[in-house]
Amino acid sequence: MKGKTIVLGITGSVAAVKAFELCRLLRKKGAEVQVVMSEAALKLVGEQAMEWASGNKVITSLSGATEHVQLFGAKGKADLLLIAPATANTISKIAMGIDDTPITTFATTAIGSKKPVIIAPAMHEPMYEHPIVKENLAKLEAMQRVRVIRPFIEDEKAKLKDVDEIVLECEKALTKQTLSKKKVIITSGATIEEIDPIRVLTSKSSGKTGREIAREAYRRGADVTLLHNGVVESAIASVEAKSGKEMLDATIRELDKGADFLVCAAAISDFSVKKSNEKIKSEKRFSIEMVPAEKLIEKARKRFPKLKIAGFKAETNKSMKELEKIAKEFLRKNKLQLVVANDVARNEMGSDINEVLIVSEKNNAVVKGEKEKIAKEICNQIEKII
């Protein structure tokens with residue numbers, strides 16, 4: 001979001017206490033943030049705190065400078081209006097075109113200028129369930145370039161979504177939708193094979209690269225499904241798969257529904273294990289019976305011969321030249337469109353940085369840096385192929 005200006009409207013929900021963290025994360029992502037606060041919000045969060053968080057003077061009232069026009073008029077410099085948290089009162093006013101507060105005036109101007117607007121409600125559950133509030137939320141969702149981030153219900157409260165998810169939606173709203181109408185399925189992370197009810201066979205894969213690819217594809221407008229062992233953000237459709245067989249079966253089920261691209265980033269176990277139904281005693285030596293597991297890429301290619309697939313290849317103690325040779329052979333053997341290869345001995349598995357070799361039929365590229373950067377380049381390649 002570097003170079004983008006976001007106006008953050010904070011209303012009088014107790015969830016306003018999360019606005020500080022939200023503002024800091026937006027700035028960390030490169031955005032310029034201008035905060036607008038209601039009178040009720042000022043009772044919950046300090047004006048000076050938000051000034052420090054944003055690096056700009058907080059707008060608490062409109063003046064002759066017509067701040068709303070400067071930011072969201074025909075030549076306004078703002079790129080997006082984010083109202084988080086949004087109360088039932090503010091939501092209903094915006095839906096009805098009432099602009100009797102600074103925040104609602106900003107909303108009226110932004111919507112009229114067809115600038116992207118994101119509204120993240122937070123309130124008590126009975127207020128959220130009020131039929132008129134529900135009707136007004138639906139009315140807002142039907143408006144051009146307006147996105148409502150629905151809250152999650154817990155302890156009889158409609159709670160503000162996690163700030164990471166809100167920021168992801170802002171990034172999507174400000175990103176060219178180059179993968180719009182494309183279905184991308186991504187496998188990610190390590191699988192586990194149970195040895196007994198307590199012990200498992202697994203790998204050191206963290207799944208960070210796969211998750212970053214899913215987030216980047218989502219930013220670009222793709223319909224993304226992430227298959228992963230563990231919990232991921234709810235903005236992205238996900239399917240939990242623990243064992244290698246679960247991952248394989250779940251992926252094939254998703255592919256049967258239709259897909260444009262499959263990214264096989266998961267570190268699926270090469271072996272299945274004959275599980276003991278009872279804990280194996282440690283008093284003496286024991287042997288584990290391991291059987292070679294069915295390969296996801298091979299099954300997917302056989303079942304979907306025209307499917308575009310990216311495979312991942314992890315090696316150890318290989319030169320870049322050796323890695324390139326292995327990746328090209330992997331590409332050829334499995335009729336892949338893309339291979340992402342890396343030497344795990346160079347960077348510890350699970351770290352936030354990596355160095356990878358991206359190989360396609362036409363070219364190679366070495367990418368080094370944070371996994372978010374690597375994910376962007378992988379998605380660039382997917383765009384070219386798809």
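Heads up, the Cβ atoms here are built off N, Cα and C, so glycines get one too.
Note that the coordinates shown come from a computational prediction; the quantities given were computed from them, not determined experimentally.
Annotated CTP binding site per TrEMBL: ASP270, LYS279, PHE312, in sequence order. Feature annotation from TrEMBL assigns domain 'Flavoprotein' to 4-167. Per TrEMBL, the feature domain 'DNA/pantothenate metabolism flavoprotein C-terminal' maps to 179-384. What TrEMBL records for 1-183 is region 'Phosphopantothenoylcysteine decarboxylase'. As annotated by TrEMBL, region 'Phosphopantothenate--cysteine ligase' applies to 184-386.
Taking the Cβ of LYS279 (CTP binding site) as reference, residues of its chain lying under 8 Å away and at least six apart in sequence are, in sequence order, ASP196, PRO197, ILE198. Contacts of PHE312 (CTP binding site) defined by a Cβ separation under 8 A and a same-chain sequence distance of 6+ are given as THR209, CYS264, ALA265, ALA267, VAL339, VAL340, ALA341, in order along the sequence.
In sequence order, PRO292, ALA293 make up the list of same-chain residues 6 or more apart from ASP270 (CTP binding site) whose Cβ falls under 8 Å from its Cβ. Across the residues of the region 'Phosphopantothenate--cysteine ligase' (184-386), the predicted structure has a mean pLDDT of 92.
Binding of CTP is attributed in the record to ASP270, LYS279, PHE312, and the widest Cα separation among these residues amounts to 34 Å.
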